[in-house]
Amino acid sequence: MAAALLARACGPVRGALWPRDCRRLHTIFQSVELPETYQMLRQTCRDFAEKELVPIAAQVDKEHRFPEAQVKKMGELGLMAMDVPEELSGAGLDYLAYTIAMEEISRGCASTGVIMSVNNFLYLGPILKFGSKEQKQQWITPFTSGDKVGCFALSEPGNGSDAGAAATTAQADHDSWVLSGTKAWITNAWEASAAVVFASTDRSLQNKGISAFLVPMPTAGLTLGKKEDKLGIRASSTANLIFEDCRIPKENLLGEPGMGFKIAMKTLDMGRIGIASKALGISQAALDCAVNYAENRRAFGVPLTKLQGIQFKLADMALALESARLLTWRAAMLKDNKKNPFIKEPAMAKLAASEAATAITHQAIQILGGMGYVTEMPAERHYRDARITEIYEGTSEIQRLVIAGHLLKSYRS
């Protein structure tokens with residue numbers, strides 16, 4: 001199926017070999033060496049990124065152009081539905097595999113990484129976890145091949161991090177739901193063929209009155225806002241979804257009425273691993289750029305890498321990157337081990353990785369000097385792409401609140 005190349009890289013996707021390797025990796029604090037199957041997956045994704053993504057990354061960023069051909073090739077590799085079981089045409093891999101793949105794709109092109117992340121866990125994730133058998137067949141299988149992508153519509157113009165304050169409403173009307181309101185900052189909006197949309201079915205219950213819906217795109221009563229002109233990740237579209245008496249079938253309710261906030265929070269916990277992995281890829285690309293430049297640029301008669309000030313910067317960049325990578329891998333492995341509750345760990349991974357990405361890309365530009373400030377080198381693009389990782393799928397401030405809340409709870413129990 002679509003995961004043929006991944007299967008060749010990794011051997012059996014499910015079965016004796018893969019779970020045994022997972023158990024080995026769960027002793028990560030004894031050994032951080034990836035098992036061979038994961039190493040092969042990593043190399044497969046790295047080779048793909050270097051061949052298909054690195055050559056087009058600057059141009060699609062400049063043109064704000066969706067990398068359609070590359071996304072389709074990723075679908076053929078199984079990268080657009082990594083956690084989806086094979087019976088639904090997915091790759092059937094685990095979270096650690098996804099984390100590794102996401103880093104390598106984002107290392108090649110951060111915009112493509114976020115397109116992959118949204119489709120995998122913000123769109124397919126909640127349907128896989130909360131959808132009925134019929135919904136999974138209709139709303140998952142067509143979105144595994146790269147021919148279609150989905151989006152996730154939670155944020156609104158007025159609520160930002162306050163996801164429970166949804167102003168968008170869904171009214172039951174005979175055999176339909178009628179949606180009205182505006183969703184903001186929706187990634188993949190202009191290319192999406194479907195959306196997971198959150199709307200209030202009972203305003204008096206606040207976040208307990210929020211429900212989740214599956215909305216086809218395009219559909220009557222739904223219009224797209226302008227494509228936002230963003231600082232970074234410019235090859236992925238971002239726009240508002242505007243609902244004006246948008247009528248969808250009653251069976252498009254995802255889960256039960258009032259479950260929407262729970263679905264959203266569970267989904268964001270999963271998605272934060274993806275954003276952490278994306279941040280790692282950006283960081284690695286920036287570090288690669290800085291080292292390569294510093295090795296070849298001479299000052300005072302020696303390569304920049306002979307200067308202690310540059311060495312210190314590179315050391316700090318590598319330290320931040322490796323620390324964040326371990327937190328991200330740990331979060332992925334805990335998810336694979338079905339840790340419950342699974343809230344603090346992805347928050348820690350996202351916070352560490354996103355702030356590391358901002359710091360590392362900043363220092364990469366500093367090392368390159370004037371060359372870091374021009375588009376001839378990729379350092380400035382990495383810097384622009386990194387900044388959003390501290391904002392979407394929960395700001396750094398929200399992650400700190402989550403971490404502190406769970407920390408204090410553990411001390412008080």
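Each Cβ is built from the backbone N, Cα and C atoms, and glycine gets one as well.
If you look up Swiss-Prot, you'll see GLU393 marked as active site, proton acceptor. GLU393 (active site, proton acceptor) has a Cβ environment of 31 other Cβ atoms inside 10 Å.
With a cut-off of 8 Å between CB atoms and residues at least 6 apart in sequence, the same chain places VAL118, LEU122, TYR123, PRO126, ILE186, THR187, ALA195, VAL196, THR267, GLY271 near PHE152 (FAD binding site), listed in sequence order. The FAD binding site annotation in Swiss-Prot covers 152-161, 185-187, ARG297, GLN308, 366-370, 395-397.
Taken from Swiss-Prot, the feature substrate binding site covers SER161, ASP269, MET270, GLY271, ARG272, GLY394. Of all Cβ atoms in the shown protein chains, 24 besides its own fall within 10 Å of the Cβ of GLY394 (substrate binding site).
As annotated by Swiss-Prot, phosphothreonine applies to THR27, with the evidence given as similarity to another entry.
DSSP assigns LYS51 (N6-acetyllysine) to a helix in the three-state reduction. For LYS51 (N6-acetyllysine), the Cβ neighbour count at a 10 Å cut-off comes to 11, with all displayed protein chains included. Swiss-Prot lists LYS51 (among others) with the feature N6-acetyllysine.
Taken from Swiss-Prot, the feature N6-succinyllysine applies to LYS51 (among others), supported by similarity to another entry.
Applying an 8 A CB threshold to same-chain residues 6+ apart, the list for LYS72 (N6-acetyllysine) reads SER145, GLY146, ASP147. DSSP assigns LYS72 (N6-acetyllysine) to a helical segment in the three-state reduction. Annotated N6-acetyllysine per Swiss-Prot: LYS72 (among others), in sequence order, evidence recorded as similarity to another entry.
The annotation N6-acetyllysine is assigned in Swiss-Prot to LYS129 (among others). Around the Cβ of LYS129 (N6-acetyllysine), the same chain contributes ILE263, LYS266, THR267, each under 8 angstroms and 6 or more positions distant in sequence. The secondary structure of LYS129 (N6-acetyllysine), as reduced to three states from DSSP, is helical.
Summarising the annotation, Swiss-Prot assigns N6-succinyllysine to LYS129 (among others).
Mapped onto three states, the DSSP output places LYS208 (N6-acetyllysine) in helix. The N6-acetyllysine annotation in Swiss-Prot covers LYS208 (among others) and rests on similarity to another entry.
What Swiss-Prot records for LYS262 (among others) is N6-succinyllysine. Cβ neighbour count for LYS262 (N6-succinyllysine) (all protein chains, 10 Å cutoff from its Cβ): 16.
The N6-acetyllysine annotation in Swiss-Prot covers LYS262 (among others).
For LYS306 (N6-succinyllysine), the Cβ neighbour count at a 10 Å cut-off comes to 14, with all displayed protein chains included. For LYS306 (among others), the entry in Swiss-Prot reads N6-succinyllysine.
The N6-acetyllysine annotation in Swiss-Prot covers LYS306 (among others) and is backed by similarity to another entry.
Residues annotated as transit peptide in Swiss-Prot, with similarity to another entry given as evidence: 1-24.
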| How many Å lie between the Cα of LYS208 (N6-acetyllysine) and the Cα of SER396 (FAD binding site)? | 25
| In the structure shown, with every protein chain counted, which of the binding-site residues THR187, GLN366, SER396 has the densest set of Cβ atoms within 10 angstroms of its Cβ? | THR187
| field | Structural state of ASP269 (substrate binding site), classified by DSSP into three states | value | helix
